[in-house]
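Colleague: Encoded as structure tokens, here's the structure I'll be asking about.
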Ligand code: HEM
């Protein structure tokens, strides 16, 4: 590293830039917290997308240990960002009301990185207005999702993944598939095997996103009650409609089809 002697902490991290990006629009004390927490979220979203790309390439290479490591890291990041909502929940409705008008129509609704994460995890049903002008989102909906990469990983390990599932139209939403569920049941029959552990780490990721949606909704309810959102949605009612929709439905469905483990020695 030729320039390392002149490298400084602040220079390496570009702290002058980073710490000049917080510009509250009012003098309300709590607005800085609101800005910082959203910025921190966007940084974690960037990291999740970075890790998800690695996860997909590791799955497609058949690298079980690497996939497991990366999927677990993503799940831990999700736990961390869910935990951060505790900080924002110390802001009372009146404290938020002191600067809410200054937000105009801006809203987490417009988070391009959040939409990209949804697409990487498999969402395809975006309004045309979201896709227009967002090249990264357009690219993400045309690529295999994390679940598509899991299917390729399982096929590479010799599991009989149905060909239609492997060759599906990537632009369409995934439909839960009984043939794929049979494969997953067979994978889980060896429940501590590498493939089953990878599947479980994907369930952790899926649960992490659902947990975030639930905690975000509760925070919204306690901060703005039933008011409409700054992004123009019905607010909490809209957010409630996004709950409990798994990214990887087949991994949940097989839970209902799983029998008992054989007794030891029997
Ligand atoms: C006081 C704090 C917050 C309130 C009152 C709030 C409120 C809302 C509301 C009402 C919506 C629905 C869309 C709309 O009409 O605006 C929404 C969506 C969203 N918010 Fe928040 N939010 C808060 C904090 C956060 C934080 C810290 C994040 C982190 C990035 C975030 C990310 C999002 C995302 C990604 C959506 C889109 C969800 C979806 O469409 O499924 N919000 N928020």
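Backbone N, Cα and C atoms are what each Cβ position is placed from, and that goes for glycine too.
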Colleague: Pick the one from 100, 163, 168 that TrEMBL also lists for the substrate site with 34, 35, 36, 37, 38, 230.
Modeller: 100
Colleague: Go through the binding-site residues 35, 36, 100 and pull out the ones with a Cβ less than 6 angstroms from some atom of ligand 1.
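Modeller: The binding-site residues passing the 6 Å Cβ test: none.
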